[in-house]
């Protein structure tokens with residue numbers, strides 16, 4: 001059975017649009033993850049930055065709060081893969097040992113793309129682990145230099161709110177979600 005002639009051009013246009021859309025989505029999917037933003041991630045109550053102590057590049061180094069100094073050990077890129085990358089993208093913020101419990105250390109590690117290295121930047125200013133749903137937390141509500149950054153049950157505390165030098169809440173950057 002053949003279709004009425006007036007529908008053929010409409011269906012052809014729909015098929016062409018679908019082809020363009022699928023092609024665009026595939027191009028985005030295979031593209032190198034683009035950075036949404038670059039900047040220092042600051043604890044709201046302390047104004048101090050999430051810092052890799054001593055500018056270490058050693059896997060397993062726990063991140064801590066420290067006075068912001070503009071160093072590469074305090075600069076984070078949020079990628080379309082939901083990673084927070086430091087050191088020109090060579091190290092990722094990581095929930096140590098795939099931790100999913102309150103108190104898990106937050107460290108740097110070689111970027112693997114694993115769920116323990118994926119983070120949600122929320123409009124509330126919180127940053128949550130995609131793996132566990134736990135919040136990035138300045139341990140014990142601390143604001144001093146050297147305060148450990150851990151994962152903790154989200155509780156609305158100020159020590160779980162973060163901002164960025166490049167944008168507002170849901171840091172880093174001006175957007176609360178990654179670029180496609």
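For all residues, glycine too, the Cβ spot is worked out from N, Cα and C.
In TrEMBL, annotation is done automatically, which means it is predicted and not curated.
Feature annotations, reproduced from TrEMBL:
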| type | residues | note |
| --- | --- | --- |
| DOMAIN | 38-165 | domain 'Ricin B lectin' |
| SIGNAL | 1-36 | signal peptide |
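Shown for the domain 'Ricin B lectin' (38-165): DSSP residue counts in helix, strand and coil, namely 18 helix, 48 strand, 62 coil. Confidence over the domain 'Ricin B lectin' (38-165), given as mean pLDDT on the 0 to 100 scale, stands at 97.
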